[in-house]
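According to Swiss-Prot:
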- 36-1078: topological domain 'Extracellular' (TOPO_DOM)
- 39-144: domain 'Ig-like C2-type 1' (DOMAIN)
- Asn54: N-linked glycosylation site (CARBOHYD)
- Cys67-Cys125: disulfide bond (DISULFID)
- 149-247: domain 'Ig-like C2-type 2' (DOMAIN)
- Cys174-Cys231: disulfide bond (DISULFID)
- 256-347: domain 'Ig-like C2-type 3' (DOMAIN)
- Cys279-Cys331: disulfide bond (DISULFID)
- 354-448: domain 'Ig-like C2-type 4' (DOMAIN)
- Asn370: N-linked glycosylation site (CARBOHYD)
- Cys375-Cys431: disulfide bond (DISULFID)
- Ser446: phosphoserine (MOD_RES)
- 454-554: domain 'Ig-like C2-type 5' (DOMAIN)
- Cys479-Cys542: disulfide bond (DISULFID)
- 558-649: domain 'Ig-like C2-type 6' (DOMAIN)
- Asn561: N-linked glycosylation site (CARBOHYD)
- Asn578: N-linked glycosylation site (CARBOHYD)
- Cys581-Cys637: disulfide bond (DISULFID)
- Asn591: N-linked glycosylation site (CARBOHYD)
- Asn722: N-linked glycosylation site (CARBOHYD)
- 754-846: domain 'Ig-like C2-type 7' (DOMAIN)
- Cys775-Cys830: disulfide bond (DISULFID)
- 852-953: domain 'Ig-like C2-type 8' (DOMAIN)
- Cys877-Cys934: disulfide bond (DISULFID)
- 957-1052: domain 'Fibronectin type-III' (DOMAIN)
- 1079-1099: transmembrane segment (TRANSMEM)
- 1100-1252: topological domain 'Cytoplasmic' (TOPO_DOM)
- Ser1112: phosphoserine (MOD_RES)
- Ser1119: phosphoserine (MOD_RES)
Amino acid sequence: MGAKRVTVRGARTSPIHRMSSLTPLLLMGMLTSGLAESPVPTSAPRGFWALSENLTAVEGTTVKLWCGVRAPGSVVQWAKDGLLLGPNPKMPGFPRYSLEGDRAKGEFHLLIEACDLSDDAEYECQVGRSELGPELVSPKVILSILVSPKVLLLTPEAGSTVTWVAGQEYVVTCVSGDAKPAPDITFIQSGRTILDVSSNVNEGSEEKLCITEAEARVIPQSSDNGQLLVCEGSNPALDTPIKASFTMNILFPPGPPVIDWPGLNEGHVRAGENLELPCTARGGNPPATLQWLKNGKPVSTAWGTEHAQAVAHSVLVMTVRPEDHGARLSCQSYNSVSAGTQERSITLQVTFPPSAITILGSVSQSENKNVTLCCLTKSSRPRVLLRWWLGGRQLLPTDETVMDGLHGGHISMSNLTFLVRREDNGLPLTCEAFSDAFSKETFKKSLTLNVKYPAQKLWIEGPPEGQYIRTGTRVRLVCLAIGGNPDPSLIWFKDSRPVSEPRQPQEPRRVQLGSVEKSGSTFSRELVLIIGPPDNRAKFSCKAGQLSASTQLVVQFPPTNLTILANSSALRPGDALNLTCVSISSNPPVNLSWDKEGERLEDVAAKPQSAPFKGSAASRSVFLRVSSRDHGQRVTCRAHSEALRETVSSFYRFNVLYPPEFLGEQVRAVTVVEQGQVLLPVSVSANPAPEAFNWTFRGYRLSPAGGPRHRILSGGALQLWNVTRADDGFYQLHCQNSEGTAEALLKLDVHYAPTIRALRDPTEVNVGGSVDIVCTVDANPILPEMFSWERLGEEEEDLNLDDMEKVSKGSTGRLRIRQAKLSQAGAYQCIVDNGVAPAARGLVRLVVRFAPQVDQPTPLTKVAAAGDSTSSATLHCRARGVPNIDFTWTKNGVPLDLQDPRYTEHRYHQGVVHSSLLTIANVSAAQDYALFKCTATNALGSDHTNIQLVSISRPDPPLGLKVVSISPHSVGLEWKPGFDGGLPQRFQIRYEALETPGFLHVDVLPTQATTFTLTGLKPSTRYRIWLLASNALGDSGLTDKGIQVSVTTPGPDQAPEDTDHQLPTELPPGPPRLPLLPVLFAVGGLLLLSNASCVGGLLWRRRLRRLAEEISEKTEAGSEDRIRNEYEESQWTGDRDTRSSTVSTAEVDPNYYSMRDFSPQLPPTLEEVLYHQGAEGEDMAFPGHLHDEVERAYGPPGAWGPLYDEVRMDPYDLRWPEVQCEDPRGIYDQVAADMDAVEASSLPFELRGHLV
């Protein structure tokens, strides 16, 4: 909120008189609006025409104190409590103070922004002595700052809810924050101002500030519940008072409870009704707690509250019972501040009928006899009357009696005696209770009269006697009787014993005894039988009282039991056995016979025996001699009945004791794959079962309890897991039981994946020689076609093995190579697959030894260096060959003395690539500008290349400028850079249209590009195009052969010749606006040449000297950085050195190709690797690609990298792991010096020893 500005002015002029009368009103307006303007006195002191009077301002407003000086040229400043504020309008040290007004008019008003309590002081306007007047000091002006209270601290805490009890006295305190003047504090309770307030004014936290502490005494009433108690603070600095308040929660007791009885007769209710009594209590904070009591005991403590209306509800729900008669129901209400409980009660008057009627005495009696009965009711209110009914006829009671009952009720009793007759049988006998109080209800008790008399006739219905019934037939016998009460019981008997159903559920349900059924006056009971042998000739009878009837059944049944008896229980091979078959009982008699496994046996008859169930018995015997093959076989006895056409059989199983015998299906050989599991099965027969199975392998017994890799199963089989090839062999099994022993021999054939045991790596051969790559494996099984060979490489066309012979015999495979060629060198993989995964893979390198081949892309190579004896030059000679190569150097045909300190040679070996770097220090034009020859030699021959060391010069013209694409408006160009003279070079294209005079020039960007698309051409126009190379020493000239080309653009309708080239383009400058522009350029050039001819020589010599000095300084101080840049440029097209370069001459053209942009696809050389790693701790540097090779006809660049890749093979597993199949170009990126801590088996091939 921005500060408010107050302006105070005053002078002894007419405006001052007009304002003075309004001063009180202005002051009031300023205090209420936040603006403070100093009143101006009616008369100003001498020397002043306007001064402020005392002023009061609110904190945070802007105040202006007026000071009008009659001598404008004087130095005027203000003083605050005697402290001079200075004449500077900005008043350093007082950022809120400043002087305002027109000094020429003598206005020096003090403006105070955002005033605070520190500005409450006395101020003087002081005028310094000047030519126009003496020193002057104004009267003191007092500035009073009003500070409003920022906060009120209320106790209890503001914003909270305070709980009080109505009628009690409480103290509330309110403390204001710092203010000036002291604020006034007022308390407001529920909208009413509290008068009983005491206040104290105390010093504030700072000087001139005050705080007010007020205390009020409050006696709350119930009407204050939910209202606010507010503390208001005010002082002149506030537009509106500040407030703090809390909410009063007043506790007071509720009103009395009220019960709302449903109906007019309070307390009268009938038993069985669901009574709902609501009880309500109004008012109270907290709302009332309600509970119901019955005869002084709580029955319900559940209630609900409507807080908005402060009403508590509780409903008593009960089912009225007779015992509730006279009960007192009470509803009580109270809360936490109640002095006691308030209660409302109701007494119940319960009406209830008799809960039951009982008839005492027996209603069963023989005909023509008296029956005496008594009818008795339960207690009722009011009493009831009784009457008797027999069917629809009322009977008169003998006497009636009334007695007192429970719960204030009465008991009624009536006695009755009458004579029973046969026709009264089955009639209902009823005792009825009635009363006027229960007019709509009837209460009665009924019994059925039972008059007893006997049955008249009894008989049985079923199969006729003497009829044959087959066993298992379902027979139904029915016993019938007429008349009788009670109903005849109809009891069945079998041979004088009562018939009953089986009691056990598991017994076969052969007898089903029905219940007595009644149809009119006829009674029946059914007996269903599943006929069996025990029913043969049995007598079945039915009885009802003194009456009885019977019948007899004849049953046909096969042998009830066929038993085989043996003369011996323990049999051994060769023992004699006598078996007897006995048929216990059958009807009619049966024929017996014997057979063994379907073969009929001769038998003899035995002595007959008596038979149960009134049937016939039979027996026959057979004689046998047993063997071990009979064990478990059966001999069967068959009993056949012709009449029944049924045969009953029984068998005897041989139990022959004999020692173990191995069966014919016993397996003798088992095959398993290594690391798998196998089961050696056992097929043995023995009785008793073998007591032990003992396995031995190679003379060692296997533990019967099992081991880490074997377990003997309960059947004797041997289970092996994690089988290894060491488990291959014969296993002997020894079986034993109590009768003897037996042995068997089983062979385990373990198949395992092949493992390469011998693979000569590397395998060496001279070019044109013959060699066998031999691969020897350990495998099982050995298969004729398990060997295969692969050649590893990047070019698919170089990987076929059609020119090689594959031979295998047993565990050895051979790849036979005849007339070896260089192209056959490289990595070969022997793959062995015998059907057990995984296949074995072994990597072997074929090293084809050949004579040195020096990389010499052109007949002559040039290296540029300054010949001022301050710079150095490096000659790079690289050759390929196996075995190792030795280098020699000559200069102009004379062997170079490498003992000369100016010559330093470094040699590096990377696979088949060998390098020699010759560094010449302090190059001298007289001594070192010569033709150097590098010769590479090994045991198979030698080769050489020539390198010419020349001076730094202008670049050679580019070569091979040709058109690669053409369109109506553009021409695509391509060329080869020439020798750059040892300095960075750039290219410029000059072209002209033959029909239009004048030339146009275009700079090629980027500067290293060797392709460019010239655009902005006209269709159907012939152009002549030149290519120019330049460096810091000049350009290559335009008159040399092969740097210009003529071309005619096609018409707009013709298709472009080649659209496949995507070359960098740059729009050439547009055609000159004036045709004479080329002429003007030519004239200007002549004028410049005439002026420059005088100083050309001097500048040329100074430039050469400067270049030489720079080369010398950078050679001595930063040779390593310079050489690294050259290496990085060659390898990654980085920054280039400007003082040395390597170029090679063209084969036909005498011009030179620049080697800076030539990057053959070869693996990094060993010296390049050592350049980054350092060599033997020597602090030196050498160039990377100072002399780069150009592709030769014998193979593409990079083809040498993977030919001699290292093979890393585990001594125990010669298979080539997939994780070791790395990029072959990175195998030789280390040197032996850096590998002292590496195991010998992990060294690259060429570092394990020489090939010769």
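Using the three backbone atoms N, Cα and C, a Cβ is placed for every residue, glycine included.
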Could you state the CA-to-CA distance between Cys542 (disulfide bond) and Asn722 (N-linked glycosylation site) to the nearest Å? 81
Secondary structure of the domain 'Ig-like C2-type 6' (558-649) by DSSP, residue by residue, totals 3 helix, 51 strand, 38 coil
Most Cβ neighbours inside 10 Å, all chains, among the glycosylation sites Asn54, Asn722: Asn54
What DSSP reports for the domain 'Ig-like C2-type 4' (354-448) is 9 helix, 55 strand, 31 coil
Which stretch, 149-247, 256-347, 754-846, 852-953, tops the Cβ pairs under 8 Å count with the domain 'Ig-like C2-type 4' (354-448)? 256-347
The DSSP breakdown of the domain 'Ig-like C2-type 2' (149-247) into helix, strand and coil residues is 3 helix, 55 strand, 41 coil
Would you pick out, from the disulfide-bonded residues Cys67, Cys375, the residue whose Cβ has the largest number of other Cβ atoms within 10 Å? Cys67
So, in DSSP terms, is Cys479 (disulfide bond) helix, strand, or coil? strand
Taking 149-247, 754-846, 852-953 as candidates, which has the most Cβ pairs under 8 Å with the domain 'Ig-like C2-type 3' (256-347)? 149-247
For Asn561 (N-linked glycosylation site), the one of Cys125, Cys375, Asn578, Cys934 that lies nearest, given that the recorded positions are compared by Cα: Asn578
Integer Cα-Cα distance in angstrom, Cys331 (disulfide bond) to Cys637 (disulfide bond): 96
Check the Cα-Cα distances from Cys934 (disulfide bond) to the disulfide-bonded residues Cys125, Cys375, Cys479, Cys581 and tell me which is shortest. Cys125
Distance, Cys479 (disulfide bond) to Cys581 (disulfide bond) (CA atoms, angstrom): 43
Select one residue from Asn370, Asn578: among these glycosylation sites, choose the one with the most other Cβ atoms within 10 Å of its Cβ. Asn578
Write down the Cα-Cα distance for Asn54 (N-linked glycosylation site) and Cys479 (disulfide bond), rounded and given in Å. 142
Per DSSP, what is the residue count of the domain 'Fibronectin type-III' (957-1052) in each of helix, strand and coil? 0 helix, 50 strand, 46 coil
In which DSSP state, out of helix, strand and coil, do we find Asn722 (N-linked glycosylation site)? coil
Between Asn54 (N-linked glycosylation site) and Cys67 (disulfide bond), find the distance joining the two CA atoms and give it rounded to the nearest Å. 13
Excluding near sequence neighbours, so keeping only residues 6 or more apart in the same chain, what lies with its CB under 8 A of Cys830 (disulfide bond)? Ile756, Leu759, Ile773, Cys775, Phe787, Trp789, Gly813, Leu815, Ala840, Arg841, Gly842, Leu843, Val844
Quick check for the class: what is the C-alpha distance, in angstrom and rounded, between Cys877 (disulfide bond) and Asn722 (N-linked glycosylation site)? 60
